[in-house]
Amino acid sequence: MQLLQSSVIAATVGAALVAAVPVELEARDSCTFTSAADAKSGKTSCSTITLSNIEVPAGETLDLTGLNDGTTVIFSGETTFGYKEWEGPLISVSGTNIKVQQASGAKIDGDGSRWWDGKGGNGGKTKPKFCYVHKLDSSSITGLQIYNTPVQGFSIQSDNLNITDVTIDNSAGTAEGHNTDAFDVGSSTYINIDGATVYNQDDCLAINSGSHITFTNGYCDGGHGLSIGSVGGRSDNTVEDVTISNSKVVNSQNGVRIKTVYDATGTVSNVKFEDITLSGITKYGLIVEQDYENGSPTGTPTNGIKVSDITFDKVTGTVESDATDIYILCGSGSCTDWTWSGVSITGGKTSSKCENVPTGASC
């Protein structure tokens, strides 16, 4: 009898010990979140996340950082943000092999008019940046419809990222919107932006550092055009292997631009502007300047940043009558090995202030 009781007790204790061992639960296939707090706390619990009509509280970030590898994020309905003067970002996303997309009819609305005061990031209200895409590697962002960012749109610091068919519509900010850059790229490799449609009041694209970056099939309206730079004065001051092609820039201050920082060091190399069409440009159709200091041109170029192996191929179109067709202001010996083919920009003035124009280019 005692032996039987001992056996029963041993079996019971053994079962209890087994039950006490933690069991690792697999992530559910899909989750739908209706609040930013739930999304933040539950984002690693599902392989597919649907964000349904999220109202992000004022002063908070829709935190999608540290997602599990292979997660799909779907924006559904309307995503909105409470008002507060702060730096942001309104959204942040990171992870590997992530897919970010939206359901049919969805929109992400920053309602930037609450912050717009004509000063952008240079004073007035403190405005939140829209979206940090930092360490979003081997991933994709597809088909997002974004409206009214308070200031800059996407801050990109990632590797192997494809951004496809994204619309950023800040057309409502024509009067008071400022510094509403669409895509700011830095310290990134293998970034491909294809089919972007942008209405804004600053750079459609600004590449400050990075390599193997492409921007193609873009439409840029109302801003400052397609820019390399400004390059210099950062921890990473190299831009190389960039192709900007088959795009339109309309009703903008500049068409295509390379700008480097006064008295800084760095490299801009193997950059191609190909098949770019311009219209309604109000300042410069094509501009390369090596004189930026504190965000403004000085008129005096320096040569610490080499701008070499640059291609301008079939950059064509018109500027306004009081604009300048082409302006090239290079430091002594710093702009070399340019290819200049099929460039035809008309309608404006011819600059008398070009300096150190590379062989083959015209100003």
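Cβ atoms here come from the backbone N, Cα and C positions, even for glycine.
The signal peptide annotation in Swiss-Prot covers 1-20.
The 10 Å shell around the Cβ of Cys31 (disulfide bond) contains 17 further Cβ atoms across the protein chains shown. DSSP assigns Cys31 (disulfide bond) to a strand in the three-state reduction. The disulfide bond annotation in Swiss-Prot covers Cys31-Cys46 (among others) and is backed by similarity to another entry.
Residues of the same chain lying 6 or more positions beyond the ends of the repeat 'PbH1 1' (158-187) and with a Cβ under 8 Å from any Cβ of it are 112-113, 116-122, 133-152, 193-210, 213, 215, 220-223, 234, 236. What Swiss-Prot lists as repeat 'PbH1 1' is 158-187.
DSSP classifies Asn162 (N-linked glycosylation site) as strand under the three-state reduction. Asn162 (N-linked glycosylation site) is surrounded by 16 other CB atoms, counting those within 10 A of its CB over all protein chains shown. The N-linked glycosylation site annotation in Swiss-Prot covers Asn162, and the record cites sequence analysis as its basis.
Tertiary proximity for the repeat 'PbH1 2' (188-209) is limited to same-chain residues at least six positions away from its ends with a CB under 8 Å from its CB atoms, namely 120, 149, 152-153, 156-171, 173-174, 177-182, 215-231, 234, 236-239, 242, 244, 249, 252. What Swiss-Prot lists as repeat 'PbH1 2' is 188-209.
Close to Asp202 (active site, proton donor) in the fold, though at least 6 residues off in sequence, lie Gly120, Gln152, His178, Asn179, Thr180, Asp181, Ala182, Gly223, His224, each with a CB less than 8 Å from its CB. The annotation active site, proton donor is assigned in Swiss-Prot to Asp202 on the grounds of sequence analysis.
Taking Cβ-Cβ distances under 8 Å and a sequence separation of 6 or more, the neighbours of Cys220 (disulfide bond) in its chain are Ala182, Ala196, Val198, Asn200, Cys204, Leu205, Leu226, Ser247, Lys248, Val249, Val250, Ser252. The feature disulfide bond is assigned by Swiss-Prot to Cys204-Cys220 (among others), with similarity to another entry given as support.
Taken from Swiss-Prot, the feature repeat 'PbH1 3' covers 210-230. Per-residue pLDDT, averaged over the repeat 'PbH1 3' (210-230), rounds to 99.
According to Swiss-Prot, the active site annotation covers His224.
Taken from Swiss-Prot, the feature repeat 'PbH1 4' applies to 239-260. Using DSSP to sort the residues of the repeat 'PbH1 4' (239-260) gives these counts of helix, strand and coil: 0 helix, 19 strand, 3 coil.
If you look up Swiss-Prot, you'll see 268-290 marked as repeat 'PbH1 5'.
Annotation source Swiss-Prot lists repeat 'PbH1 6' at 302-347.
Under 8 Å, Cβ to Cβ, and six or more positions away along its own chain, Cys335 (disulfide bond) finds Val288, Gln290, Val307, Ser308, Ile310, Ile328, Asn356, Val357, Pro358. Here Swiss-Prot flags Cys330-Cys335 (among others) as disulfide bond, drawing on similarity to another entry.
The disulfide bond annotation in Swiss-Prot covers Cys354-Cys363 (among others), and the record cites similarity to another entry as its basis. Contacts of Cys354 (disulfide bond) defined by a Cβ separation under 8 A and a same-chain sequence distance of 6+ are given as Ile326, Tyr327, Ile328, Leu329, Cys363, in order along the sequence.
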In the same chain, which residue numbers or ranges, 6 or more beyond the ends of the repeat 'PbH1 5' (268-290), come under 8 angstroms Cβ to Cβ?
225-226, 228-229, 231, 239-260, 262, 297, 301-303, 305-320, 322-331, 334-335, 343, 345, 348
Just the number: how many Å between the Cα atoms of Asn162 (N-linked glycosylation site) and Cys46 (disulfide bond)?
23
